[in-house]
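Features reported for this protein in Swiss-Prot:
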- C407: active site, phosphocysteine intermediate (ACT_SITE)
- C1136, C1139, C1166, C1169: Zn(2+) 2 binding site (BINDING)
- 1023-1055: coiled coil (COILED)
- 780-795: compositional bias 'Polar residues' (COMPBIAS)
- 831-854: compositional bias 'Polar residues' (COMPBIAS)
- S8: phosphoserine (MOD_RES)
- S610: phosphoserine (MOD_RES)
- S629: phosphoserine (MOD_RES)
- 1004-1008: motif 'PY-motif' (MOTIF)
Amino acid sequence: MGEEGPPSLEYIQAKDLFPPKELVKEEENLQVPFTVLQGEGVEFLGRAADALIAISNYRLHIKFKDSVINVPLRMIDSVESRDMFQLHISCKDSKVVRCHFSTFKQCQEWLSRLSRATARPAKPEDLFAFAYHAWCLGLTEEDQHTHLCQPGEHIRCRQEAELARMGFDLQNVWRVSHINSNYKLCPSYPQKLLVPVWITDKELENVASFRSWKRIPVVVYRHLRNGAAIARCSQPEISWWGWRNADDEYLVTSIAKACALDPGTRATGGSLSTGNNDTSEACDADFDSSLTACSGVESTAAPQKLLILDARSYTAAVANRAKGGGCECEEYYPNCEVVFMGMANIHAIRNSFQYLRAVCSQMPDPSNWLSALESTKWLQHLSVMLKAAVLVANTVDREGRPVLVHCSDGWDRTPQIVALAKILLDPYYRTLEGFQVLVESDWLDFGHKFGDRCGHQENVEDQNEQCPVFLQWLDSVHQLLKQFPCLFEFNEAFLVKLVQHTYSCLYGTFLANNPCEREKRNIYKRTCSVWALLRAGNKNFHNFLYTPSSDMVLHPVCHVRALHLWTAVYLPASSPCTLGEENMDLYLSPVAQSQEFSGRSLDRLPKTRSMDDLLSACDTSSPLTRTSSDPNLNNHCQEVRVGLEPWHSNPEGSETSFVDSGVGGPQQTVGEVGLPPPLPSSQKDYLSNKPFKSHKSCSPSYKLLNTAVPREMKSNTSDPEIKVLEETKGPAPDPSAQDELGRTLDGIGEPPEHCPETEAVSALSKVISNKCDGVCNFPESSQNSPTGTPQQAQPDSMLGVPSKCVLDHSLSTVCNPPSAACQTPLDPSTDFLNQDPSGSVASISHQEQLSSVPDLTHGEEDIGKRGNNRNGQLLENPRFGKMPLELVRKPISQSQISEFSFLGSNWDSFQGMVTSFPSGEATPRRLLSYGCCSKRPNSKQMRATGPCFGGQWAQREGVKSPVCSSHSNGHCTGPGGKNQMWLSSHPKQVSSTKPVPLNCPSPVPPLYLDDDGLPFPTDVIQHRLRQIEAGYKQEVEQLRRQVRELQMRLDIRHCCAPPAEPPMDYEDDFTCLKESDGSDTEDFGSDHSEDCLSEASWEPVDKKETEVTRWVPDHMASHCYNCDCEFWLAKRRHHCRNCGNVFCAGCCHLKLPIPDQQLYDPVLVCNSCYEHIQVSRARELMSQQLKKPIATASS
C-alpha cells in the first residue's frame, strides 16, 4: 500500500462539488461575450444567423449586432422551432425571444441544447443557486463573498420583531403556540403560530383536522390604532355532508373577542393621526372608551362582527364541497359575516397570462392593441385583487373589525389579499425592509408553492400547477406605486429585480414549496439570499420621492381604467429611452444645460469644442481644424453609434488586429472596443493645430507658484491632459515640446477672475504642508517599459502640488479633476478602432495614430527615470493623511458602491473600485458593463453604476484597465457632466483601453449589469432625481471646500504676515510725559493706548479654544458623515473627538492628541480632522521657527 495521508475529504472545497463543464465551441476563435458569475460556466458557444449565442449553467446569452438578450435559463418557459430556422423562446415573465439560424440542422441542435438546459431539474443541486453559493464561499478571505449570501438581521429575527412592533399583548390576550415546531402539524405553516391565549394546543389539533391541509386560522397582523386583526387560513372541509367543528367555530369567534380585549391606541386615548378616518367617528370611539376605561378589561364592549372574506366566488366555493371543501355558514359561526370576492383560480390566471404574453409578442404597433389587451383580462384580475385588499383594509381601519381571509388552500389568493391589505394599512411594509419582511412572512413562511408555481420544482412535469401568482401580486404593488409615488421607499427597479429572481434560481429565497422543505434541504445555508442584492442600503432601489414620515392608509382607485400595463416587465423594449442613451438634453435646453453643469460653481470654466466630427479627427487624411467654442458637446455626436460588437464577432468576418507595442513588448490582441470618447476641450486643443493661450499672465500669483513647485514637478504641470499622458505610461512630450506648449497656451482664454490670488495661496499652503514628499506611485504595465520594469509617473492632481490645472479651474475642481484624468491616453500599445457612420469598422494603425499627434513620442525614457525614482513614496490625501498608496487604492465596500448609482458626474464619495476576471478564466472576455455596475469584491468582478468602461476588453496576461486617478474625493468628471471610470484590481499591470463614447446616444441598448449579471432596470425619472440629489450634495460639498479654503487662506495670511515690531519697554517715556507739568497727553499712557500698541502682536485665538465640541447623538446619525454609508450591525458608529460628527470605521480610525480639547492622550479623530490637526501643528512649528531669529535679533 502507498503512503497514508489525511482523509481526502479535508481537501474538498464546496465549489469542487460543482465543477465547470467543458466548453463546446462551434468555432475555435469565438470568445465568451460576457463576464460569468461565481460558479457559472459556459457550456455551448456558437453563431446564429445574425448573432452570437451562448448557453451557460445559468443563462442564455444572445449577442445581436444592435442588442443583447440575457435571460436566466429558469426564466425560460418553453422553447420551440418555428419556420424551420427560428427558435421561439417564451419566458415566464412574458418576454419572447426569437433567434434565427442559417441551417435547419443548426437550429435543431440548439433547440435540443436549450431544451435540455431548461428541463425540470432531477435534484435540487441541479439549480444554479447551489453552485453559485458554493463558489462564493472560498477558503481564503479574499475569495469570500458572504455579503452576497446572507440577508439582513431584520429577516432573521422578523417574527419576534413583528410581534413587538404591532403591539400584541402576549401576557393577557395572545400567545405564541409552538404546536408546529419541527413542522409536525402543518409543513406549509411557520413553526410559531399566534392564537388567542385561551386556545389550547389540543383544540388547535382538532381544528387542523377540519381545515384543508391543516392550515388553521392564525393571526398575522394587528392594527395599532384600533386593535383589529387580520387572520388567514384555508377552506373548511364541510363536504356534501355539511360537517361542523365546534373547536373551529370557537377559534374563529375567539379571534374577534381577543381583538376587543386588546384595543389599540384609539380606545386607550392614544394618537388619532393615522389614516384618512372620519374625525367624528374617531372622537366617538374615544368617548366610548373613556366611559369604560375605569371598569377594566372585563367591561369591554361586545366584540365587533368578524368578516370572513372568501376569495372565491360563491359558485366555486359551493362546488368545492364536492371535493371535500366548502365555506363557512353564518348560522354556525356567530357574530361573523361571510363575503365572496369572486377571484379567479390559478388556471384562469395562467391562461390570462399566456394571452398577455401572446399580445405583448405581437408587432410593435398592432391596430387592435387595446382590445387585445382587454381580452386577456389581466387588468381585470388585478382590479378584483385590489378591491379585495381595499375591502380588508377598510374593514380593519375604518370599521375596526377583524378579518379572516382564505381561499381554497390558502397559499395563492390568500397571501395576495393579506399582503396587499397590509401594505395599504401599514407604512412599514412600504419600506424596503418592511417589504422584505412582508414577502418572507406572508409568502414564504405560509407556504406559497414557489417551486410548483414558478416551474423549478424537481421531478414535476405537471404544467397545470404553474401560475404567475406572485408576479400578479407584484404587478398590483406596482399599480399602488404608480398611484402613490411618494409613499413607497422602493422604486420600480426593486420590483423588476424581484420578478427576475423569482424565476432565475440564482438565489435560494424562492426555492422549494414551503419552509419545511427549505429546512430539510438546508437551502438557507446552501444558497444566497435575494435580499443581499435588494438590501435596504442599496441606493439603486431607493425611491427619491419617498416621504418617510407619512403614515397614511392607502385607498387606491381599483377601476380597470386606472390601471396600467407593467411595461418594464411585459414590454421592456418599449421604453422610450435607456439611461445609456439619455443625457441632460432630455431634461434641459442647451442654455439650461450649460447653466446646470457650468453654473453650479461660479468659477468653473465652460467646456469647449475643438472639432466638429471626432470620427474624422482620427482620420489622418483630413487635417485637424479648430472650430468655434461650444459648451454643448453632446449635440455634436448624435449620429455616432456605440460599437458593442466583441472583437471576436466582427460581422464582416475581419481578422483580429494585432498591434505592435512599439517598445519590444509582446503583441496583444485588441478587440473592437467601440469609438473613442469625446475629448475634453484642453485635450482637443492639444491635438489641434491651433496654438494655446497662456495662463502665466492671468495673475502675479503664478510666479509665486512657480517658485514653490520643484523643477521636477513643474515639468509635469503644463497642462492637465499632458499630465495625464505622463501618468498613464503613454509617451510624453520632451521638454522642448513642453516649453513650446507653455509658450502657446494663450489659445484657451480665461478671464482674470479665474485665477484669483486665493488659488495661489491655497496651492502654496498645500506645497508647504506636503513638502513635496507625497508622490503617487501610478501603476504601469511592465511590457511597455523599455527596461521591463514598471514605469511610474506622478499624478500631481492627487497631491497637494499646484499646477496649471489648478489655475485653469476653480477651487472646487481641485477635488474634482477634469475629465482628462479619466481619458485614455494615446498609447502605442493600443490599437485604436474607429467606426464610420455607415457601420464599417476600420482599424487605425499605430503609425497613423502618432502621425496625427506630433511630439508625443519623445521623452519616454525620461518618464521612466522619473517614475522609477518615486517608488515607495507616500500619498498625501486630504481625507487620509499620509499613507502608502496601496492603502488608498483599495476596493470599496458593497454599501459604498450602491451610493454611486446613476449619479452622473456627482459621485461625491469614491475611493477606488476593482475590476478583474474570475480565477480560472483563461481567455480574454469582454465586460459588457456600459452603464451599470456589478461587483465581485476582493479580486473578483466589480462594476459600478453609471457609465463604466473598465473592462471593455482585457487579456489575462497583463492587459488590464487603467486606473483613474483623482484627488481627495476620487471621482472623475467627464465631458458633459458624465462619469467614466477605469478600474483595476492589479495596480502593477495596467494598459490603456479605448472606451465607448459617453454622451453619444446609441441605438444599441446598453447593458447595466448588476451583481446578478442581468441588465439593470432603467427609470429616467429616478435617474434624474438622483442627479438632482447628487447635484445638491456636490454644491454642499463645494461650499464646504470653499469654507475650508477660506479658513486656510486666513490662517496662512496670519502665518505669512510680516512679524510685528519687537516689543520694547516704553513705560518710562510715558511716565515722564505723564509727570511733566502742563502735559496734554495724560491719557496717552492709559490702558487703552497700551492695548492699541500691543494689538498687532497678539496671536489670533481660535474660537474652538473657547468652545466645547458637542457630539452628534447616535440616533440622529443613520449614515456616515463622510462616505454616507449606512450604519448597521456590522458597520458601527464612531465619533470624532475633534468635530463631534459620526463616521464609520473607515473614515474615523486615526488617533491624535487634541490639546485644544484638553485631550492630551491620542484619541479617535476622523480623517479630515487628522489632516487639519497635522497642518496646524506644522504651521505652529513654522511660526515658532520664524519667531526665534526675531527674538534673537531684538535681544
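Glycine is treated like the rest: Cβ placed from N, Cα and C.
Feature annotations (Swiss-Prot) mapped to structure.
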| residue | record | Cβ contacts under 8 Å, 6 or more apart |
| --- | --- | --- |
| C407 | active site, phosphocysteine intermediate | S234, Q235, D310, A311, R312, M343, R413, T414 |
| C1136 | Zn(2+) 2 binding site | V1142, F1143, C1148, L1164, V1165, C1166, C1169 |
| C1139 | Zn(2+) 2 binding site | T1109, C1166, S1168, C1169 |
Helix, strand or coil at C1169 (Zn(2+) 2 binding site) [DSSP, three-state]: helix
Check: same-chain CB within 8 A of Zn(2+) 2 site center, minus C1136, C1139, C1166, C1169: R1137, N1138, G1140, N1141, F1143, C1148, V1165, N1167, S1168, Y1170
Mind checking which of C1166, C1169 has the fewest other CB atoms within 10 A of its CB? They're the binding-site residues. C1169
Under DSSP, is C1139 (Zn(2+) 2 binding site) helix, strand or coil? coil
